Amino acid sequence: MICYDISDKFPAPQEGRNYFVAIGLEGSANKLGVGIMLQQLPTKHTPVPRAQVLCNIRDTYITPPGEGFLPRDTARHHRNWVVRLIKRSLEESVLPAKMSGEVENRPIRVNDIDCICFTQGPGMGAPLQSVVLAARAISLMWKKPLVGVNHCIGHIEMGREITGALNPVVLYVSGGNTQVIAYSHQRYRIFGETLDIAVGNCLDRFARTLKIPNYPSPGYNIEQLAKNGKNFVELPYTVKGMDLSMSGILAYVDNLANEIFNEKSNSKLKYTTTGQKITPEDLCYSLQETIFAMLVEITERAMAHVNTNQVLIVGGVGCNERLQEMMKTMVVDRQGEIFATDESFCIDNGIMIAQAGLLSYREGITTNIKSSVCTQRFRTDEVFIKWRTN
Amino acid sequence: MASLPYTLKLVIPFETSHHADIALQTLSPDPELKPDQLARAITISESSPSELVVEFLAVSDRVLRVGVNSMMDNLGLVAECLDELDIANFN
Amino acid sequence: MAENIIKQAHAYTANIPLALISQGAEALVFTSPVHPYLPSPPTCAPDYILKYRPPKPYRHPVLDAQLTKHRTLSEARLLHKLALLDIPAPRVIHVNPKHGLLWMNNVAGPHGFSVKQWVWDIELATAPNSALRESVMKANMLQIGALIAKLHLNDIVHGDLTTSNIMIRPKMAAADASVPVPPHNILNPNLEPVLIDFGLGSHSALAEDKAVDIYVLERAVESTHPVNSETYKTWLLDGYVQEYERGGKGGKIRIKEVLRKLDEVRQRGRKRSMVG
Amino acid sequence: MSSLEYVFPQYPQAPVSISLFENVTNSSELREGLLAGNQCYNYAFIDAANVVSQEHLLAAIYRAVSAREEGEKMRTKNISSEIVFCMSPSNNIMDALKRFGISDTTTSVVVVKADPTHKANTDLVTNELHSLVRGDMLSVNGKNLQRFTDLNMVKKNYKVPGTFNFEDRDKLSSVVVGSVCLRGW
């Protein structure tokens, strides 16, 4: 159970300012990200000011081909890098002169920051815990309040901010999560989700079976291989209402891959119905076609259900151009709009944590240091979205 | 409550009592994952306010070693924060 | 896009007038006064229902063809099973799984309404807490609960039980079609419920799946009829339990299991807790 | 008395003619003619005992005709045998023709002509049939079609559970129509 301190007073910007600045720390999986965000108060001329990204840097823990990232090793990576990344973020962030009221742009100072935002979950326990230590330490040293952020909410709010999508159905697809989300009555409600493993996890694990590199990311490499796939191999397709399941597909396609690599095997599984030899590229192609079709289908169901024609794709798998293309085909058919971001925001990052944390902070929500324990399980619909109406 | 016969006490000196206090507050919130196998108490030394004291009670030497290792990792990170991210370094 | 898909449906059903009544994510539903192969009755009613699953251009044609065929067919098979069990639901008139076409009769008839509409109408037409409202409402809610129990006793789950997917119709006057149907009257004491839209239906013996069916209905009642939802839910569940207990020796044991799961599902919501 | 010319709304170019006979005395002769592949016998001969309702009969004819009109592959050698096959809930062609076609003892027969090359002229068909079938022609309507139903045979051929209420002809019709539609997919 996540506890917040909720004040009935909304915090004001620092004296003489019309903006807030937050630093965000993200480390729920193998990416360590730090971002610094500036949000302006609305004015007459700009009633909905855009947030300004002052800095958004990341360091990814890459494992050798065939290996996944283990919690302990990932946590060690984050511990080794988090201080360096925070330092760099401060050095790289520039506060524009028109904000500071000074003559020239200048590097940001610790005192410019209003709050320290960190990912409180969901994610891998050990990596989360190593990052929150740094968040607590700087919160105490800099005397700035902590704001715990739900990782999924970070993705959603950043996607909304960057794309300007007002009230979209959100498809959140990453290594740890697969959810179709729609906003209603101050919650991001989960309309459909995976009943077992996440899409990204399914792709990552298949990349390991194929022993393809984890750099820059296993999903990216699968996407490149899939472009050279020629034969569509039928795989299980498991959509249950608005939910989906992927473990069966992974087991099936893993088995096919093992047959292909086994030179002694003469299984007919190695050939298409027209007698052609199935290649790893074919499998990547078929796997993408199948699981992305499932994702687009449940997204379309959610759209029909809540009667909206906007779709926002967030999360690491959201970078996949084939997924975006399929989603676009569906959305255009419904005369709707699709919104997606590039990899600087799709892939886990610190700026989204700063963005969502700042939205909370401005509503008077902060996290007491004693309640700042991270949690592996933290559902998107547990968060009260105080900053949106009805 | 199982008996926890394996014990260890760490005393970590910090530059100032303020730093020791930051370390205490940073490290305290996270509970040990298996409290029946490893108990842990973090305090400020009564004799010296700049010394952090961490005491462990464990069910076995193996559990004790894992717990202490993890605490040392975390202490290392806190110390790095104190050294590198002090407000004085930036302003 | 709708126009395009409607054109495709027309291309498969030349000379048959179609009127679109609903457009979901997966299928379009039309009504038609013309039966694909029976002589059309002199009046426009009763009419017929055509459910059309159009091709989805975003997915691979092989996958698309396979899904369209499989889903159209499995819905038709489920409806056929219900016909054999004599459970009131649409009856299959014709199916072309390749084209994604499923013809059904309009099971609610010309004087049917969705439970959603019917409840709204009754709430408007009768005084709160009146004996009239209670008697009409209770009788039908019990019947609806019993109908769902019949489905579940046969290990079939609907998958999408909302108050729009349950219809209320005047009780059929035996097999004799010459008896005139009762007039449109929401307070008619001889009403009976019918289930429609088995697009997400499936065979399942799992208590969990049945509990989710009930839970989905409870949530639908709460959102569409918030004022009296507690009472309605109680009646629905009463009817459900009573019918289950009538369902032979096993019924009493099996209903306990379903109710236990229902409690679980209500507590956690439909979704399982989730690792990050 | 004459054959009924029937047009499905979707296929005005392909009318069918349907006839009903009772007291048929030459069914073995008809069967032999069919087996010999005699072109004069290019009709679907259905044992009327299997017909539950007009809806049932038309569902089967419609399935066969629409498959042909939509350019799908036929399972049997011509449209006449296809119609008989379409009466069946099972995929076994020989079995279907045996169960739903006529046998030597059949006395009431539904005869369907659905050959678009054959000028679907009711009088012509009626005349041709009168010379082919020795029996009494009845007008084709729901009531007459239901007169010959053998419920035991229907129960067996369509595997309708014993618990089903066979008295309710509408419900029975829905069930057999479902079986006809779902065969073989």
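One is the number of the first residue shown, and numbering goes on along the chain from there.
Backbone N, Cα and C atoms are what each Cβ position is placed from, and that goes for glycine too.
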Co-listed substrate-binding residue [TrEMBL; alongside A:TYR172, A:VAL173, A:SER174, A:GLY175, A:GLY176, A:ASP204, A:GLY219, A:GLU223] among A:ASN56, A:ASN80, A:ASN320:
A:ASN320
Among A:ASP348, A:ASP381, indicate the single residue that TrEMBL lists for the divalent metal cation site containing A:HIS151, A:HIS155, A:TYR172.
A:ASP348
Please list, in sequence order, the residues in the chain of A:ASN320 (substrate binding site) that are at least six apart in sequence and whose C-beta is under 8 Å away from its C-beta.
A:GLY219, A:GLU223, A:GLN288, A:PHE292
Neighbourhood of A:SER174 (substrate binding site) by C-beta distance under 8 A, where only residues 6 or more apart in the same chain count:
A:ALA29, A:HIS155, A:ALA198, A:VAL199, A:GLY200, A:GLY315, A:GLY316, A:VAL317, A:GLY318, A:ASP348
Whole-number Å only: compute the distance from the Cα of A:HIS151 (divalent metal cation binding site) to the Cα of A:GLY176 (substrate binding site).
11
Starting from the Cβ centroid of A:HIS151, A:HIS155, A:TYR172, A:ASP348, which together make up the recorded divalent metal cation site, report each further residue of the same chain whose Cβ lies within 8 Å of that point, ordered by sequence.
A:SER28, A:CYS152, A:GLY154, A:ILE156, A:SER174, A:ASN177, A:VAL314, A:GLY315, A:MET352
Taking the binding-site residues one at a time (A:HIS151, A:HIS155, A:TYR172, A:GLY219, A:ASP348), which has its Cβ surrounded by the most other Cβ atoms within 10 Å?
A:HIS155
Intermolecular Cβ proximity, binding-site residues A:HIS155, A:TYR172, A:SER174, A:GLY219, A:ASN320, A:ASP348 versus chain C, under 8 Å:
none
How many other Cβ atoms are found within 10 Å of the Cβ atom of A:GLY176 (substrate binding site), counting all protein chains shown?
23
Largest inter-residue Cα distance among A:TYR172, A:VAL173, A:SER174, A:GLY175, A:GLY176, A:ASP204, A:GLY219, A:GLU223, A:ASN320 [record-listed substrate binders, Å]:
18
